[in-house]
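Note sheet for the following structure.
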Amino acid sequence: MNMNYLEEIKKLEELDKKYIWHPFTQMKDWLEEKPIIITEGRDCFIKDIHGKWYIDGVSSIWVNIHGHRKKEIDDAIKKQLDKIAHSTLLGLANIPSIKLAEKLIQIAPKPLAFKSRHFALTKVFYSDNGSTAVEVALKMAFQYWIHKGVKNKHSFLSLKNAYHGDTIGAMSVGGIDIFHKTFEPLFFKTFKAPSPYCYRCELEKTPSECSFECLTEMEDILEKHSDKIAAVIVEPIVQAAGGMIVWPEGYLKRVRELCNKHNVLLIADEIATGFGRTGKMFACEHEDVVPDIMCLSKGITNGYMPLAATLSTDEIYDTFLGEFKDLKTFFHGHSYTGNPLACAAAIASIDLFEKEGTLKSIQPKIALLEKKLKEIADLPNVGNVRNKGLIAGIELVRDKFSKEPYPWEEKIGWKVAYKAREDGVLIRPLGNIIVVMPPLAISVENLNRLMNVIKKAILSVTNN
Ligand SMILES: *Cc1c(COP(=O)(O)O)cnc(C)c1O
């Protein structure tokens with residue numbers, strides 16, 4: 001590496017520290033660190049400015065599915081770029097957004113009949129990130145009841161440990177104190193049900209004696225307050241940012257039943273779980289659940305471009321139809337809604353699922369992940385391991401028997417992540433939880449390596 005290049009790197013590091021305020025980052029710490037500047041990606045690897053390659057162990061924050069520099073997606077964007085980069089969906093249409101909408105409806109959870117009702121996701125409303133997809137869902141649900149002439153459904157029911165994004169509405173239905181507590185005075189009113197976090201059950205049940213008591217609490221809230229609740233919003237099966245909390249089987253289905261019984265909508269936030277992450281295209285499919293509204297983002301473009309979609313049923317959509325003067329219009333839209341480049345990337349990414357048999361080819365990788373997690377579960381400071389498909393969490397504890405957590409300040413998760421970097425693995429923990437979420441396209445061999453590095457890093461850090 002020549003002197004000029006080293007000078008250039010130093011300059012970039014300084015400029016980053018001078019100008020950039022990084023998300024979810026204590027900048028005082030950042031200023032003392034040597035930043036990793038990423039310059040290139042390929043398959044499940046990313047390369048830093050010094051030429052060192054790392055396994056992208058959390059898929060560039062959960063967005064990458066088929067790997068980096070995927071030819072089909074690169075080509076789709078280039079091809080679209082030769083036509084037009086952006087035009088608006090406000091009063092105009094564009095080709096990629098039309099074609100993508102059809103595909104999204106085709107791959108959405110299969111329609112279901114339930115009693116006299118028919119559940120089918122049929123309409124696509126675009127936005128450009130997960131938080132906005134959630135804002136759209138909340139506003140749709142809220143206004144739906146107004147159009148139906150049902151008064152007072154001004155609130156939502158969400159779960160503790162929930163994460164639905166960082167805008168004010170999305171935070172209002174969030175449930176992670178460390179992120180959300182500060183902003184509480186700004187939130188609208190919500191009801192909170194317990195999180196089915198079995199390892200640390202709020203109701204102090206063990207799996208063998210559990211009969212979904214946490215759902216009884218949700219049911220109590222619905223019985224008392226369903227007249228005030230527009231929708232229940234959940235991250236189906238895996239509460240991701242809350243610590244990769246994997247729900248017990250059957251919980252999601254029961255939530256759907258409770259929503260039906262109490263006449264509230266169900267919003268499924270599949271932003272983290274969508275696009276094959278959990279082993280099926282969408283997590284809802286594991287329990288044959290069709291939500292009334294479904295939020296998608298993250299994996300939708302294979303992490304190439306910011307894009308989100310909020311899917312809804314005809315039942316909801318139809319209530320927004322009316323005379324122009326009636327003001328039933330859904331007054332919501334973003335500048336980049338339905339961006340053609342992003343939609344082109346998403347179409348190519350969805351096509352790859354079929355072309356490469358992605359959902360089938362991940363099955364042996366899920367089996368390997370589970371085998372490696374079992375080994376890791378035996379380590380002295382690992383309290384719990386959990387996964388659904390290729391999403392996994394490894395919860396580190398100071399004391400395995402009392403489940404005493406490491407204090408937040410100890411940054412134990414980060415210590416493991418830093419250790420793993422030495423062996424060419426990039427991961428980002430959630431507090432004391434080590435997150436494993438590689439691109440679905442990772443090879444068996446690389447997944448094995450990823451897990452071995454994580455195991456070694458945990459051992460090395462927790463032994464001290
Ligand atoms: C990441 C995430 C969001 C927010 O998406 P952004 O694009 O970061 O705004 C919302 N819900 C879930 C479940 C997520 O994982």
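Just so it is clear, glycine is given a Cβ too, placed from its N, Cα and C backbone atoms.
So that you can see what the record holds, here are the features copied from TrEMBL:
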- Gly130, Ser131, Asp269, His334, Ser335: pyridoxal 5'-phosphate binding site (BINDING)
- Tyr163, Lys298, Gly333, Arg428: substrate binding site (BINDING)
- Lys298: N6-(pyridoxal phosphate)lysine (MOD_RES)
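Positions of TrEMBL features highlighted on the structure.
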residue: Gly130; record: pyridoxal 5'-phosphate binding site; DSSP (3 states): helix
residue: Tyr163; record: substrate binding site; DSSP (3 states): coil
residue: Asp269; record: pyridoxal 5'-phosphate binding site; DSSP (3 states): strand
residue: Lys298; record: substrate binding site; DSSP (3 states): helix
residue: Gly333; record: substrate binding site; DSSP (3 states): coil
residue: Arg428; record: substrate binding site; DSSP (3 states): coil
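Proximity to ligand 1 at the level of Cβ atoms, with a cut-off under 6 angstroms, picks out none of the binding-site residues Gly333, His334, Ser335, Arg428.
For the binding-site residues Gly130, Gly333, the ranking by surrounding Cβ atoms (within 10 Å, all protein chains) places Gly130 first. Within 10 Å of Gly130 (pyridoxal 5'-phosphate binding site), judged by CA to CA distance, lie the following binding-site residues from the set Lys298, Gly333, Arg428: Lys298. Looking at the residues that bind pyridoxal 5'-phosphate per the record, Gly130, Ser131, Asp269, His334, Ser335, the two CA atoms farthest apart are separated by 22 Å. Scoring each of the binding-site residues (Ser131, Ser335) by how many neighbouring Cβ atoms lie within 10 Å, the top position goes to Ser131.
Ser131 (pyridoxal 5'-phosphate binding site) and Arg428 (substrate binding site) have their C-alpha atoms 20 Å apart, to the nearest angstrom. Neighbours of Asp269 (pyridoxal 5'-phosphate binding site) among the binding-site residues Tyr163, Lys298, Gly333, Arg428, defined as a Cα within 10 Å of its Cα, are Tyr163. The most densely surrounded of the binding-site residues Lys298, His334, Arg428 is Lys298 (count of other Cβ atoms within 10 A of its Cβ). The two recorded residues, His334 (pyridoxal 5'-phosphate binding site) and Arg428 (substrate binding site), show a Cα separation of 30 Å. Taking Cβ-Cβ distances under 8 Å and a sequence gap of 6 or more within the same chain, the neighbours of Tyr163 (substrate binding site) are Gly174, Gly175, Ile176, Phe179, Glu235, Gln239, Ala240, Ala241, Gly242.
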